[in-house]
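The following features are taken from Swiss-Prot:
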| type | residues | note |
| --- | --- | --- |
| DOMAIN | 9-191 | domain 'UmuC' |
| BINDING | Asp13, Asp111 | Mg(2+) binding site |
| SITE | Leu18 | site 'Substrate discrimination' |
| ACT_SITE | Glu112 | active site |
Amino acid sequence: MPTAAPRWILHVDLDQFLASVELLRHPELAGLPVIVGGNGDPTEPRKVVTCASYEARAYGVRAGMPLRTAARRCPEATFLPSNPAAYNAASEEVVALLRDLGYPVEVWGWDEAYLAVAPGTPDDPIEVAEEIRKVILSQTGLSCSIGISDNKQRAKIATGLAKPAGIYQLTDANWMAIMGDRTVEALWGVGPKTTKRLAKLGINTVYQLAHTDSGLLMSTFGPRTALWLLLAKGGGDTEVSAQAWVPRSRSHAVTFPRDLTCRSEMESAVTELAQRTLNEVVASSRTVTRVAVTVRTATFYTRTKIRKLQAPSTDPDVITAAARHVLDLFELDRPVRLLGVRLELA
């Protein structure tokens, strides 16, 4: 059940998580540039960096970068394949440790979670954060950074200021002093495109956005304005739910070594992706309600289309046929670089 508005919210973010898990498995690589992604082969086409150690980041390597580009920037790096099972096990261990502390914990992924310190408790948030860092490091060998505030969005921003391996607290008292001169892109949910549109209005900083007339923003951007103004002024979501996170969908995608031009190859790939994804759904005792297919062409044009099933199902014939039907909704008149299947769940 959701808690009452907490006195403090702590955002716990594991540092360079995937790389850190790999370093625990390969201690001989400590202090060296490590890059995780694909099958660990930097010559493999169309595979990207999933995570880079801080030593690799010093060379400009970033998540999402093609492995080949990463290899050029940091030729001495060690490349390792992704190991989701190991990351999932490490994440579950950390979450269990957080819950053992007795606070509500809301998990947001492998490497991050929110923890609420409720009103009326004498616990000092800095001391709680220090205890969290100590427990996680001693029990798992993983380092984390922790942001502290009175809402989720501000706590997450504080975590970015705490990295790596630190603690940072943002409050009403220091919000504008710390954030006022930063670009609006520093706010959660404000991306590069929005930043450019705001710049055309002469709005470049968090301070300027916080003091912009709401009518001007509403006429330009619509209803999302209220959220931006809330974030710019340091506001945000104060609810931390201790309910277990339940996935709403399962998905798989594949980037092909060469672009596909043959429709039968595309159909085979979509069928295999649908079956693989369905196997995971069945293993988790869920049922499928909608089937989505994503197509990315050689020009990186990306579209997703979706179909609702007549009734929830886990029948392989129904699911794979639905995936092929959705694929048929695309013209497929250009070479295809990537295909993905997402199954939405009841």
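Residue positions begin at 1 at the first shown residue.
Glycine is treated like the rest: Cβ placed from N, Cα and C.
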Other C-beta atoms that fall within 10 angstroms of the C-beta of Glu112 (active site):
19
Set of same-chain residues at least 6 away whose C-beta sits under 8 angstroms from Leu18 (site 'Substrate discrimination'):
Val36, Thr50, Cys51, Ser82, Tyr87, Trp110, Asp111
Check the DSSP secondary structure of Asp13 (Mg(2+) binding site), expressed as helix, strand or coil.
strand
Integer Å distance between the CA atoms belonging to the residue listed as 'active site' and Asp13 (Mg(2+) binding site):
4
Quick one: mean pLDDT on the domain 'UmuC' (9-191)?
94
